[in-house]
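Down below is the structure, laid out as structure tokens.
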Amino acid sequence: MLAPMAGVTNVTFRTLCREFGSTRGNLLRPAPPHLRSPLEQSQVGTISGLYVCEMVTARALVERNAVTIHMTTFAPDESPRSLQLYTVDPATTYTAAKMVADEGLADHIDMNFGCPMPKVTRRGGGAALPYKRRLFGQIVAAAVRATEGTKIPVTVKFRIGIDDEHHTHLDAGRIAEAEGAAAVALHARTAAQRYSGTADWAQIAQLKQQVRTIPVLGNGDIYDASDALAMMAVTGCDGVVIGRGCLGRPWLFAELSAAFTGRPAPAPPTLGEVAEIVRRHGKLLVAHFGEDKGMRDIRKHIAWYLHGFPAGSELRNALALVKTLDELDCLLNRLDGAVPFPDAAIGPRGRQGSPAWVALPDSWLTDPDDCTVPIGADIMESGG
């Protein structure tokens, strides 16, 4: 499962990940649907093959915010269409989930209770919310109730808890299971850890022991296919969620597909092959956003794509300022395409940072059974 990541998992990146997830043979030429074997086609869109769009707020969706609606763009052949909702209010959750169901906006709803960012937690949202267990249960129940009678599953993603003194994942898992969630996913870090340190896979194993009737997915520190297999072996979880590990590496899903089906791993791409993937990503972004915004967006991806490769500071700096597709093409032609995939490109990528105190609303920890909806927690400046 591709984890929703703000500013990353839009339709363009999901397209690349989906294509690689159904690769047959050549890593750079994924098999289109009409060329997949019946077995390959049947595996596309299973719980281990979901590619979730970047998070949108339930309130912004209900208000039909233009930016939010554009963020929920899916490719014509994308199936199932997975949408993640950020929400703090049962009533708004119900309205948003009902809108998704009634208008056919998506085939799967994931719910975000894992964001550790201060602007979110200080208002009681994201990773702070599961501490309010009654409110958390009401929100999950609202989404499930809104999709009753449809084939739209509701899944729930959360963290271990606020910090080492306030773990919430076991309660959250049991509550989500009781309220009808189809699966739960645990990012095995606390909000205080943010993206730093090491994911505590033992907590995934504990959650799996507590949640028995629905799948439990694990998230955290999966950077290659062997990590995914190791997590499942160690924790007993039913599947994995890939986040930062696939930044600049959409072909990771080809490696995962091979590992889970017992096929030989595809050869890692050369620098020339990576350049071709960057070109395709850039073209998809321009088609989605237009050239100006598309090229501004590709810049961060280029840094991830070239992670560990020798490229030189001058060329990297030029790529970090690229403005047009033609310029992108010229700059990529300057790379040495024969360079093999380097060992330095393997391992952690993306933001890591340091642990930090978690900002919370006043008296947030006083009563975990308080189901008062936090004020202003569902208002995002981005429209997402």
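Just so you know, the numbers here start at 1 and follow the chain as drawn.
Positions of Cβ are set from backbone N, Cα and C atoms, glycine also.
Taking the Cβ of CYS115 (active site, proton donor) as centre and 10 Å as the limit, one finds 21 other Cβ atoms among all the protein chains shown. If you look up Swiss-Prot, you'll see CYS115 marked as active site, proton donor.
Summarising the environment of GLY243 (FMN binding site), the number of other Cβ atoms within 10 Å of its Cβ, over all protein chains shown, is 21. Look at Swiss-Prot and you will find PRO4, MET5, ALA6, GLN84, LYS157, ASN219, GLY220, ASP221, GLY243, ARG244 tagged as FMN binding site.
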ALA6 (FMN binding site), Cβ-centred 10 Å count of other Cβ atoms over all protein chains shown, is 18
Here the Cα-Cα span from LYS157 (FMN binding site) to CYS115 (active site, proton donor), rounded to a whole number of angstrom, reaches 10
Spacing of the two Cα atoms, GLY243 (FMN binding site) and CYS115 (active site, proton donor), in whole angstrom, works out to 13
In whole Å, the longest Cα-Cα distance within the recorded FMN binders PRO4, MET5, ALA6, GLN84, LYS157, ASN219, GLY220, ASP221, GLY243, ARG244 is 21
Under a three-state DSSP reduction, the secondary structure at GLY243 (FMN binding site) is coil
